[in-house]
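As given in TrEMBL:
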ACT_SITE  7  active site, nucleophile
ACT_SITE  9  active site, proton donor/acceptor
BINDING   7-9, 23, 43-48, 51, 77, 115-119, 146  substrate binding site
BINDING   7, 9, 170, 171  Mg(2+) binding site
Ligand code: G16
Ligand code: MG
């Protein structure tokens, strides 16, 4: 194992609830609907554009808006999100993550971010982890969002590794699919029936450690 490719939302910190708050405000103000709570899960790991398309479908309002109107909704969503995101600090880092990053770094393993979020650098800065990573893949530079493999391939490329030399960490089914399609080894964090395609699933970030990741890597290779 030469590298670890990290998803951000749901693996390092919980921005999903902030994204969902922002989408709920757009849905209410611009579409006059309220999003059910379980919709939060459907939007995890999904890009901003793919998210609005799912919401418009749900509202039964696909094809009712021009691309300029959709752009305006996306801008509003991001403005709401940035306001929420501004409240994050290092208390919002998931348990065990800082320790894991330090263990991996000491072992000479390269660390890269494979998040769908264009705000990933800002989030990592707010929670004080930006300097721990060797690279951050830019989601605006890849053709296809998760579940396509592009963002994990790009995250590995940025640390000069082939994906098969890396483990990818994900909390979303679309993200696990993305890791497997990139030909990296997938460790899922969350519910094993939702993340059934992962090579190993742990219930929460507390379970992650250098030795666990090395064991998974060596048992799959
Ligand atoms: C995250 C969230 C998604 C969000 C996406 C894009 O993905 O899980 O809900 O839509 O980023 O975010 P932004 O609007 O900030 O570009 P990930 O890949 O970190 O789980
Ligand atoms: Mg995620």
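Keep in mind that glycine also has a Cβ here, set from the backbone N, Cα and C atoms.
Heads up, TrEMBL stuff is auto-annotated, nobody curated it.
Just so it is clear, the model here is predicted, and its values are computed rather than measured.
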For this session: Would you mind sorting out which binding-site residues among 23, 170, 171 put a C-beta under 6 angstroms from ligand 1?
Result: none
Problem set entry | Alpha-carbon distance [residue 115 (substrate binding site); residue 7 (active site, nucleophile)] in Å | 5
Seminar exercise, completed: Among 9, 170, 171, i.e. the recorded positions, the one with its Cα nearest that of residue 118 (substrate binding site) is 9
For this session: For residue 115 (substrate binding site), identify the closest of the recorded positions 9, 170, 171, judging by Cα separation.
Result: 9
Exercise. Taking only the recorded positions 7, 9, 48, 115, 118, which have a CB closer than 6 angstroms to any atom that belongs to ligand 2?
Worked result: 7, 9
Exercise. Within the chain of residue 45 (substrate binding site), which residues six or more apart in sequence place their C-beta under 8 angstroms from its C-beta?
Worked result: 7, 9, 10, 116, 146, 170, 171, 172, 174, 175, 178
Exercise. What same-chain residues, at least 6 away in sequence, bring their CB to under 8 Å of the CB of residue 48 (substrate binding site)?
Worked result: 74, 77, 78, 118
Problem set entry | Cβ-based neighbourhood (8 Å from the centroid) of the Mg(2+) site, residues 7, 9, 170, 171 excluded | 8, 10, 11, 44, 45, 115, 169, 172, 175, 189
Seminar exercise, completed: Least crowded of the recorded positions 7, 9, 170, counting other Cβ atoms within 10 Å of each Cβ, is 9
Exercise. Which of these binding-site residues has the least crowded Cβ, counting other Cβ atoms within 10 Å: 118, 171?
Worked result: 118
Exercise. Sequence gap of 6 or more, C-beta under 8 Å: which same-chain residues meet both conditions with respect to residue 23 (substrate binding site)?
Worked result: 35, 39, 43, 51, 55, 77
